[in-house]
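S.K.: Dumping the structure here so I can ask a few things about it.
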Amino acid sequence: LAAVSVDCSEYPKPACTMEYRPLCGSDNKTYGNKCDFCNAVVESNGTLTLNHFGKC
C-alpha cells in the first residue's frame, strides 16, 4: 500500500479558501482542504502526515 502524500512545499499560506475537499490527518482530525492541512503540517514541523483523502 503506497503512502498517500500531499505536496506542501508552497505552504504555509496566510489564508485558505473555503473550498471543501476534506483530508484526514494522522492526528485523526479532518481538515477542510489541502491548504488547511498543509498549514497544519508546517506548524507540526512535518510530524503530521496524511492518513487518507476524505473525512476521518
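Cβ atoms are placed via backbone N, Cα and C, with glycine included.
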S.K.: Pick out which of CYS8, CYS16, CYS24 Swiss-Prot lists as the disulfide partner of CYS56.
M.R.: CYS24
S.K.: Check the candidates ASN28, ASN45 against Swiss-Prot and report the one noted as N-linked glycosylation site.
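M.R.: Comparing ASN28, ASN45 with the record, Swiss-Prot tags ASN45 as N-linked glycosylation site.
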S.K.: Specify the secondary structure state of CYS35 (disulfide bond) as given by DSSP, simplified to three classes.
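M.R.: DSSP call for CYS35 (disulfide bond): helix.
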S.K.: Return the member of CYS8, CYS38, ASN45, CYS56 nearest to CYS16 (disulfide bond) in space, with distance defined Cα to Cα and candidates limited to these recorded positions.
M.R.: CYS38
